[in-house]
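Here is what TrEMBL says about this protein:
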- 289-345: domain 'RING-type' (DOMAIN)
Amino acid sequence: METLLMKESPLLLPLNKQKTVYDGFITVQDRDFRVRISLPPDLQLKRAKLHCCWQLKRLLKAYQPILKQRLQRSSDLGSFILELKTVLEVALKNRPDHVTIPPPQYYSQLIAELESLGWDKLLFIDTEFCTLRLKGVDSSGHEHVLTVKLKPKYPFEAPEYTADLPVPFSVTWTLQSTLAHIHKRFLAELEGLAEFWSVLDEIDVQTWVLEPEKPSRADTMRRIAIGNNVSIKVEIDPRHPRMLPDCCLLGAEHGGNPDCGVLQNLKDVLEIEFPSPATHEKSSLSTECGICYSFRLESAIPDQVCNDPRCGQPFHQACLYEWLRGLPTSRQSFNTVFGECPYCSKPITVKTAVHKQ
């Protein structure tokens, strides 16, 4: 075994008389990698252990099952070394060219920042010290996870973040920023969403929620059972959870009482009486837009209403969209514009998906 080993790998030598430990270097593509192989006292190769430098361990991380298989099948140590070199050549060929190893200062600063943050906040860190999961607890005692992916040039390059939140999480990054700053910002975001989660918790406890079956803290939708084969889907606005949500009635084609008409079934499901020409004047139901002061704008009627019960002013969607878009204090997230009611200055939103130019 020693002769074959020396012939195929002249830099891998036994360290003891029993020849149970071999140490040295393997050269692949003009690169030297430090390795050590430990054999059991009976020299059974199947129970050998491979120890290597951190660079080699990183390269072979995805090839561990293959290496174990080759170790089981190799007839002697020399054969396994040849197999190891073959696998290593493949790993070097397939590695990303842009992989950058962080400098030593990266690791020392990371450890210092974790100590400052508190080790109890750290849920996970990968073997490359690049991906961390930090714990945050909201005012209701619910635990949330923030995943932070550090880049090799950290802190000169901003990390990437993902979190179980219903809104995107971001941090204004500077060279003075640390993990503690990120975690503090995360806790502030949790507190800002406390009312949103309180609204959803109330729905989850007091109704039969059909979907999602196991809601996460990032879910904003609930499908609630309201009758036999009838449900309502509500979409809660994370920033304005007390506002009337977007609602959609759902039901099977055969739902309701087949002996009754559509109007009666709607009355039964909603448990209301609709205003009719016999009971109400149309003028009492047709309120003009608070921006253009007309009821109809082309074919549209005012269908956006301020959620504050003391205001309740309606607006055309197009009018409200143009109004909010012109205010410097308004902001847009995806297809929704957030701003203030033109009448009472309370929070109001408008969707832009169906806005017509």
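Cβ atoms are placed via backbone N, Cα and C, with glycine included.
Because TrEMBL annotations are produced automatically, they should be read as predictions rather than curated entries.
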How many helix, strand and coil residues does the domain 'RING-type' (289-345) contain under DSSP? 9 helix, 14 strand, 34 coil
What is the average pLDDT across the domain 'RING-type' (289-345)? 88
